[in-house]
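Let me begin by presenting the structure, written as structure tokens, before commenting on it.
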Amino acid sequence: MAEDFGFFSSSESGAPEAAEEDPAAAFLAQQESEIAGIENDPGFGAPAASQVASAQPGLASGAGSEDMSTTVNGDVFQEANGPADGYAAIAQADRLTQEPESIRKWREEQKKRLQELDAASKVTEQEWREKAKKDLEEWNQRQSEQVEKNKINNRIADKAFYQQPDADTIGYVASEEAFVKESKEETPGTEWEKVAQLCDFNPKSSKQCKDVSRLRSVLMSLKQTPLSR
């Protein structure tokens, strides 16, 4: 029975050791090969192999995975911050930030084209300003001439209107000279006729006006039959 228990104990103690060594080594080798491929550095995988070899006894002796990961991370950290890798990173950054030749030429052409368009737009704007100023001056001149012509025509029309005989019967006031002449005449019995000429006898339909129909009828009767003295 002791031998049986010894067989099981030996098999149980040996199986985990073999299971722990091979997957860890394969995992580390895969990670280092991927890092070497990314950095494009052929010599990058050499220290990784030594790290794997040095890490295997620690795994077999029962050392924790935390020590190995710290060592690996420390080595990678030192390599990443080394002088050679720092210069390579700066050179790679310069290559990435450097503008391609085609884009640089296109940018220069665009800048030149925009400058030409800006200059052409300024010239066109100046031409439009001069044209607008000239058109405005011509319009003002035509407008002033038209106003003078309208004034002359209105004077002629007013003079002809006031000279017609029935100007006062169609609802307009006669000319000032005729009104003054009639006012100076002292014809007996025509006083109410002159008063009636100053009144508007047309009926008003607006509700805001006062009712003056009675006064209108009185004035009309006085015009027709003046008071006898």
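Backbone N, Cα and C define each Cβ position, glycine as well.
Of the candidates Lys134, Lys151, Lys204, Lys210, Swiss-Prot marks one as N6-acetyllysine, and that one is Lys204. Look at Cys199 (disulfide bond): DSSP puts it in coil. Recorded residues Cys199 (disulfide bond) and Ser217 (phosphoserine) have their alpha carbons 12 Å apart, per Cα-Cα distance. Mean pLDDT for the region 'Involved in binding clathrin heavy chain' (93-155) in the predicted structure: 88.
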